[in-house]
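J.: Sharing the features that TrEMBL gives for it:
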ACT_SITE  Arg345  active site
BINDING   Lys169, Glu253, His287  ATP binding site
BINDING   Asp604, Lys772, His802, His804  Mn(2+) binding site
BINDING   Arg677, Thr934  substrate binding site
DOMAIN    1142-1218  domain 'Lipoyl-binding'
MOD_RES   Lys772  N6-carboxylysine
REGION    1132-1152  region 'Disordered'
Amino acid sequence: MAALQRCLAVCALTTALNPAARKLTARKAVVAPVTEVKPDDASVVKEACEVPPFNKVMAANRAEIAVRIMRAGTELNMATVGVYAMEDRNSAHRWCADQSFLLPARDTPVGAYLDPKSIVDIAEREGVEAVHPGYGFLSESPELARLCGERGITFVGPTVENLLSFSDKVSARKMAIAANVPVVPGTENALDTAQEARAFAEEFGLPVMIKALMGGGGKGMRIARTLDEVESQFESAASEALAAFGDGSCFLERYVEDPRHVEVQIVGDGNDVVHLWERDCSVQRRHQKVVEIAPAWNLNDGLRKRLQDDAVRLGKSAGYKNAGTVEFLVDVKSDEHFFIEVNPRIQVEHTVTEEVTGIDLVQTQFRIAAGASLRELGLIQQDIKPRGVAIQCRITTENPERDFAPDAGTLAVYRHAQGVGMRVDGVGYTGMRITPYFDSLLVKYTARAATWPAAVRRMRRALLEMRIRGVKTNVPFLLNVLEHPDFVKGDVTTSFIGDNPSLLSIGKSAWDVMHFQSSQDKVFRVERNLRYLANVAVNGHPSSLGADASKLDKVRTTYIPKPDVARKEPGPWRKILREEGPEALAKAVRASPSLLVTDTTWRDAHQSLLATRVRTSDIARVARETQDALGKSAFSVEMWGGATFDVCLRFLHECPWARLEQLRELAPDIPFQMLLRGANGVGYTAYPDNVIYKFCEQAYESGIDIFRVFDSLNDVENLALGVKAAKAAGGFVEGTLCYTGDVTSSKKYDLDYYLDLATRMIDLGVHALAIKDMAGLLTPRSATVLVEALRQKFPTTPIHVHTHDSAGLGVASMLAASQAGADIVDGAVDAMSGLTSQPSLGAIAEAVPEVGLDGDAYAKVSSYWDDVRATLYAPFESGQLATASDVHSHEIPGGQYTNLLFQSRQLGLDGQFDAVKIAYAAANRLLGDIPKVTPSSKVVGDLAQFMVANKLREEDVDTEQWVGKLPDSVVDYLKGGLGTPPGGFPEPLRAHVLKARGVEALQGRPGLSMEPYDFEQAAKDLSEKFEGAAYHIDEKDVLSEALYPSVFADYMEHRLVYDDVGHLPTHVFLRPMALNDEVEFEDGHGRAEYVELRSISELDDKTCSRRVVFSVNGEAWQFRVTDEEAMTIASGGGAGSARKMRRKASSSSGDVGAPMPGVVVDVKVGEGDVVSKGETLFVLSAMKMESTIVAPAAGTVTSVLCAIGDNIEAEDLLATLED
């Protein structure tokens, strides 16, 4: 009954004091006399309490707080008016208002909100009865309050006298002293000069706090710990205060080390003051509050009461009216508290007080401004009790790892977290452009719960659940704060963030929470994947991938089911190796009563037929089934090597180590086999010896069992390093004879040559011998002669034979090798066999029944690959339709045959492949008739294509005109970079080339002269270069960088922009999505994303870009992507240009050019933005580091000519500016 009477009294008083309310009451006739109201007549009570304090109110502010004011106004049934600067025309506060009006332009966008006269003019003109200033800007301006009063408009805030007393912090300090509230020793008045500040510090000691006389929000505040700092920091604080508040006056106080910051919310009606309990604001950065808590946590009751009493006493002494905050520092060591200031306005963090008290502060402000008293509002001190705990987190568009630098851009998606106990105050929306003109606060999250731990958990859940994409935010930093044990205990001071710099390391953050986004590397994955799909949708896949564009339409979305293969007991080979060692495995293989096989489908087969372009996901789908189908018949699965390693990183944007470990997990029982290029590892050049040792160690640990070690020139000195490294790692080592020529007729590569080579390998301690026939030159007769001789000379050593079916003799040669004494032969699943691949494993098993292959099960695996090849990888088919018996004349290796076809097309040599084959044979002769396997085969192929492209005959190469222009790979070979070829180097070609290029010949094995690779330093360097990446650099990454430095850098740059794309379905990885296409992919186990391409906009001629809109699980996400063809045309390159040619930046101060080649990873500005000199425009990732591109001069951005993900060259024009 008492509450009912208070409510009715407030309504009546409001009507009496407010003419507008009286008119509204009379007009609506809704207020009945108090005596006629029955206590149970709820409808009358409700209607009476809805009488608005004013008819029409203005929010004289912007963004979140303006919307907060408007919501309170609407709930009180008042019309709302907003004001906005032109740069805020798309802000939600403009169109959330019932009416909104443009502010006159000033020197800066912020300046428009700092002109009290313009605001009051609009208010008067539009019939506004009350102006609410919010926080910041003019919220503490006596001038605004005075102007409102002169025009008959109510100022929703303290009186002019209150503002004059408290917005000036020196005056506020004097009032606190007068009210017997403890203060920190400081200056009595504002200081005019830095010299005066120094004099104070010399007298009272250091450190000191320099504070702006006006304003708040941490602006104009500095700590000085030395006398020299006092002067510089005073000038800095004064300058910042002048810019923010229009007044640069500052004063000094003694600095209290490591205090807590506690503030008490007060409300006064001019006669009485109550407190609404207190808030802890200790989590702050540079005096800017970040997290606020109500009531203050872990505060003893005695101190809490003293703080509340002092705040109320100070408010009463000032005759305080409306809402305000009295702020204190608490010395945690002594429990002393010191007055800091009064903020005579609503605070950013008022939401936590509202949540624990149930009192709407903004509505209360309106009611008091209309004349209501505290008692009439029911604000009786003993009745105001907090319920539970509330936490507020301020979400800003800032990058914590760049010292909280503000970010700008477009919100690709904006979705809030909600639920029990969650409150959201913000103005964001999908598509909103974040500009650099205003404060970076985007939204405030407030969590309320019964207990402190529950509130922390609720806030953490909300931050993980919400989605703000397209710009960087401080959300990962906030999660780090919520996770920190000191925060969880409630034991933090204002130095908390400074004392814990790890809070700012967000790139690799992980949180102890059961949530699918429990680490930072998972947070932006979907957004980055969508950027990839958007880029492919607009620009197609890069031509460097080697896909035949005319066949991309054959890439279909047909679902390919996994084969149904029953589980089978695996062979014993891996168990023997891992438990008993490689020598025991060699004995077991020799004792095997049947021929064993190696399946090459996962490596050499698709390398030979599909340019190594098969993605890990398509192998993984059938990994377990392959192991089961092979059963005990298989010695190993060949699945790794140099081309695999290179292509994974370079073209498929996958980590080769991840491929190895994923497949090992799926097929744990069958030995995995790899090719190791001796001293070249899995690369194309020589490396320091410790790189090869470390590589083999990691490969064995990650799942490789069998190391087929070879040297592309059969140089045993080079090969020896690989053998020793693989043995040291624990692997089973096959010493490899790279087969070339014809052992039955060649004078250079005769039987004695191979037997001597094998003997030298046995002397190195290899566990088996491998014959590696790269081109399909091993005829059945040659296989018989060579294998029989090796078996006779090395009766206890396993022999493993590998060939290509280029000439159509593969199956016959493997059968001949088996009959001659080979223990293991290689083949591929039927659908991936033949031509330049390996012979059919199914056919071999049919011809040798004791192999014991389950033909039915293996046929199911073959059917899977038949579908995969036809529906997904048709663009990579070489076009070869039949075997080529002429391989014996040109000797092109099977894997290289397909690659040469691709490379020939890319070099514009379509239709000239016969000429390439003839030139290949000629190049081989010129280089000394060498074994041809990567990387030596690449040398021969490069020279052959060089000859065809320049129409050179064999005799033209060693001439003055051309000898100095040969490909770098040829020069490196001739100087000894790959080792020494059989029979030595070709002279005089070698001498002529080295002289023409000014190159010295290497002596001995190249790696011997190299300094050991510093893995520790490399790991440190990589971690620093990719510090901001949501990716943990590990030893495998360091190895990748050591082997392929530039390729790994490109891979990481791609990952920075698009994240891991390995889980995207192959058809969308390769082929652009069409409108209304929908794709499903998982970004984690049980995390399916359904993505539909909704629209691609018309070309924006000014930016040469298109807007791409997706539906992601039914929610719209949008991205802007540069149209590279349009950019090419606009830059004068013409349609269909092979390379995207951008216009180059001129020397004009208005042109913004790229300082180096790289990838655009961030765009900070848009057309029409006003920028200052030195302001960040773009972030470029190049050479494994990020580079910031800044405005060369102040001006307006007239065009932006790049987008995130664009590859650019040095001096490319990225934007233009105008004065």
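Note that Cβ sites are derived from N, Cα and C of the backbone, with glycine treated the same way.
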J.: Return the count of C-beta atoms lying within 10 angstroms of the C-beta of Asp604 (Mn(2+) binding site), excluding that atom itself.
T.: 28
J.: Given that the record lists Lys169, Glu253, His287 as binding ATP, what is the largest C-alpha to C-alpha distance among them, in Å?
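T.: The span, Cα to Cα at its widest, is 16 Å.
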J.: Of all the binding-site residues given, His287, His804, which has the fewest Cβ neighbours within 10 Å once its own Cβ is left out?
T.: His287
J.: Average pLDDT across the domain 'Lipoyl-binding' (1142-1218)?
T.: 78
J.: Between the Cα atoms of Arg345 (active site) and Glu253 (ATP binding site), what distance do you get, rounded to the nearest Å?
T.: 23
J.: Give the sequence-ordered set of same-chain residues, not counting Lys169, Glu253, His287, with Cβ within 8 Å of the centre of the Cβ atoms defining the ATP site.
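T.: Residues close to the ATP site, other than Lys169, Glu253, His287: Met209, Ile210, Lys211, Ala212, Met221, Phe251, Ile340, Glu341.
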J.: Lys169 (ATP binding site) has how many other Cβ neighbours within 10 Å of its own Cβ?
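T.: By my count, 24.
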J.: Nearest to His804 (Mn(2+) binding site) in three-dimensional space, by Cα, is which of the binding-site residues Lys169, His287, Arg677, Thr934?
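T.: Nearest listed residue in space: Thr934.
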J.: Other than Asp604, Lys772, His802, His804, which residues of the same chain sit close to Mn(2+)? List them in sequence order, counting a residue when its Cβ is within 8 Å of the Cβ centroid of the site.
T.: Thr600, Asp773, Met774, Thr803, Asp826, Gln838, Gly894, Gly895
J.: Quick one: pull the CA-CA distance for His287 (ATP binding site) versus Arg677 (substrate binding site), whole Å only.
T.: 59
J.: For Thr934 (substrate binding site), just count the other CB atoms lying within 10 A of its CB, please.
T.: 26
J.: For each of Arg345, Lys772, His802, count the other CB atoms within 10 A of its CB; which of these recorded positions has the top count?
T.: Arg345
J.: If you measure from the Cα of Arg677 (substrate binding site), which of the binding-site residues Lys169, Glu253, Asp604, Lys772 is the nearest?
T.: Lys772
